[in-house]
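Since the structure comes first, as structure tokens, the remarks are kept for the end.
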Amino acid sequence: MVRMFLQLVGCLMHRKMQPKLVLTPLHYITKNQRQWVAKPLEQDVITAFKARCQQYGFKSEAILPHDSYLINLGNPETEKLEKSRAAFIDEMQRCNQLGLTLLNFHPGSHLKKINESDCLRLIAESINMAHQEVPEVVAVIENTAGQGSNVGWRFEHLAEIIDQIEDKSRVGVCIDTCHTFAAGYDLRSEAATEVTFSEFDQVVGMSFLRGMHLNDSKGKLGSHLDRHHSLGEGEIGWDCFRYLMQASGFDNIPLVLETINPDIWQQEIMMLRSFVASE
């Protein structure tokens, strides 16, 4: 009945949000990610979506929608920037209509036409504009692998954007483990993962962490290769994910599985849950 209801990748909620892990976080899209324009949400769709969420126990803080891949909030070309901003505001409005409070997005690219700081400033301006147009929804910046001219791969990039946001209660970060590793932050052991997130805390602040994407990496450390792998089968290994499931700093945020093989999602989720049980 509701075609756009769930774009479920396979995910889990960290233990203190729901002790029995019944509540599952959701990776979700509000429209086709490869189109600029979609028809407005109809009221019956909105009503049905909210009813389904209530029926299955999905709370807004456990749903992490992702915006269109076409959007570039740091685009140096005025016409394309305006198009991206309009699309981003539309995504926020859709979230607000559906009762969702988070919107995950890739920050943008300078396209080798402006410097990084100017690109980061445009992204911050774009977020501020969206906040003025749409209430309540939090803009959740996803870190990147640093491929091409993408910004957001250094923790300093994320901090520079956040520093320029007027309402800091409505901005956050989603850390993708594959992107983090590909960007040069080591996650290959529990000790290395602790060091990396200590640096994140110092540069950005753990209080801004609003969600995570859990992926192993096909690329090596610092490769800038955005190629997800199944947990434990890539260059990162299991120790990182054991640490994330057991460390208290990651309580109460959605942890979304974005790995490549749907046939083993259930096994991956069971393994992650076993780390909590064995704590």
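One-based numbering along the chain as shown.
Glycine residues also receive a Cβ, built from the backbone N, Cα and C atoms like all the rest.
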Joining His66, Glu142 at the Zn(2+) 1 site recorded in Swiss-Prot, out of His106, His110, His224, is His106
Look at the Zn(2+) 3 binding annotation in Swiss-Prot, where Asp226, His228 are given, and name the residue from His157, His179 listed for that site too.
His179
CB-centroid shell, 8 A cutoff, Zn(2+) 2 site Glu142, Asp176, His213, Glu258, site residues removed
Asn104, Cys174, Ile175, Thr177, Cys178, His179, Met212, Leu214, Asn215, Val256
For the Zn(2+) 1 site built from His66, His106, Glu142, further residues of that chain with CB within 8 A of the site's CB center
Asp67, Asn104, Phe105, Ile141, Cys174
Given the binding-site residues His66, His106, Glu142, tell me which ones have a C-alpha lying within 10 Å of the C-alpha of His179 (Zn(2+) 3 binding site).
Glu142
How far is it from Glu258 (Zn(2+) 2 binding site) to His228 (Zn(2+) 3 binding site), counting Cα to Cα, in Å?
8
On a count of neighbouring CB atoms within 10 A, which of the binding-site residues His106, His213, His228 is highest?
His213
Within 8 Å of the Cβ centroid of the Zn(2+) 3 site residues His179, Asp226, His228, which other residues of the same chain have their Cβ?
Ala145, Asp176, Cys178, Ala182, Asn215, Ser217, Leu225, Arg227
